[in-house]
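Student: Take a look at the following structure, please.
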Amino acid sequence: SSAGIGLVRLDYSTLVTLGGCPTDALDEHGVCQYGHMTSPTLYMGLLGLMIMAILLMYRVRGAILIAIIAIAITSWPRNSPITYFPYTAQGDSMFNYFKKVVTVHNLQHVLGEFDFSFNNRQIWIALVTFLYVDILDTTGTMYSMARYGGFTDKTGDFEHSTKAFLADACCITIGSCFGSSSCTAFVESGAGIAEGGRTGITAITVAFGFFISIFFSPIFASFPPWSTGPALIIVGSMMTSSVRNINWDYPGDAIPSFITMAVMPFTYSIAYGVIGGILSYIIINGVVFLVDRISRGRVHPDYSSRENWWTAVMSRSFVPIWIRYLIAKMRGQPFDWHQDDEYEFEQNHHEATEPNSPTVVMSDPMHEMPSSTDLSHEKR
């Protein structure tokens, strides 16, 4: 559920405000009519958040999972104010589904149900919208995860990025054939990286968990949003660490970055935030660039706060590798698929692991200066 722990709610006058009201206090638009900050489930979500944070400080393996399971189990009994199965028609329906424990859904209504009627203009609008939203969403997720895990090189790219995007595209296509929603990379992957995942075994473990959830969906579907919501807060705090790399002293970089971060939560979309940041960056810096060129450098802003000029440092060709392969075939030239796929990473790896390579130790001149105590001993 997108409700999360229910701390923030819609407000007609201020757009967002503190929520935490009981379910019966919500109107049809999800606005709290009364009882702000009185919902017991809100404080259960905050408790789960504190448990996650404390366990992470002690570097406990599975800290996020432990807190999720603990809060979920305490929310299953029906005779408590924090129950996920209240004595209502909806609560009875969810509890009856929960008691099944094991079930398998029938795919006959969604598997292979294709419709190739492209005469409607709305279909093309939907396809184009899904295309750019998913591309930007996947790009933002993958590169933020790679940066958080320490997989990026000096250009900001990561190893096998082309294969990662290809795998994501194939999963989306296969998932749609099964009638599923977009099977793409999600920012929740940061939870696995936070637990130490680096080699891909984490992804295999998660895939195994998803496979089990196919048969135990009544159990996994009964995890309340206030048990899983704190995990997103933890992941969000981890992703925010990359904000320190932004040059906040230069408005041409700071303002588009702030627009990107502000648009994402208000539109509930990473793609919209990226679009807003890119457009604002192009407009702001594009106008400055044109004025600088037209005036031949006589009219320009104060660049003293800008660390360096924006340059595109590419470790590999901008043209996709499969297009370069087709061009080479048309010209009858041989083509090496690995000519730039792992060059940057393997070069750095060999330099770091070469046994006979000289080791250069950089020392700080300030540390080599004698202290006042040493000088006093010399005088004596």
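Glycine too: its Cβ is placed from the backbone N, Cα and C atoms.
Annotations for this protein, taken from TrEMBL, read as follows:
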- 46-73: transmembrane segment (TRANSMEM)
- 123-145: transmembrane segment (TRANSMEM)
- 165-187: transmembrane segment (TRANSMEM)
- 199-221: transmembrane segment (TRANSMEM)
- 270-291: transmembrane segment (TRANSMEM)
- 346-380: region 'Disordered' (REGION)
Student: Are there three or more C-beta pairs under 8 angstroms joining the transmembrane segment (270-291) and the transmembrane segment (123-145), sequence spacing 6 or more?
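Tutor: Stretch pair touches.
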Student: Quickly jot the same-chain residues contacting the transmembrane segment (46-73) by Cβ under 8 Å, restricted to those at least six beyond its ends, or write none.
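Tutor: Residues 5, 7, 84, 191, 194-196, 222-224, 226-231, 233-234.
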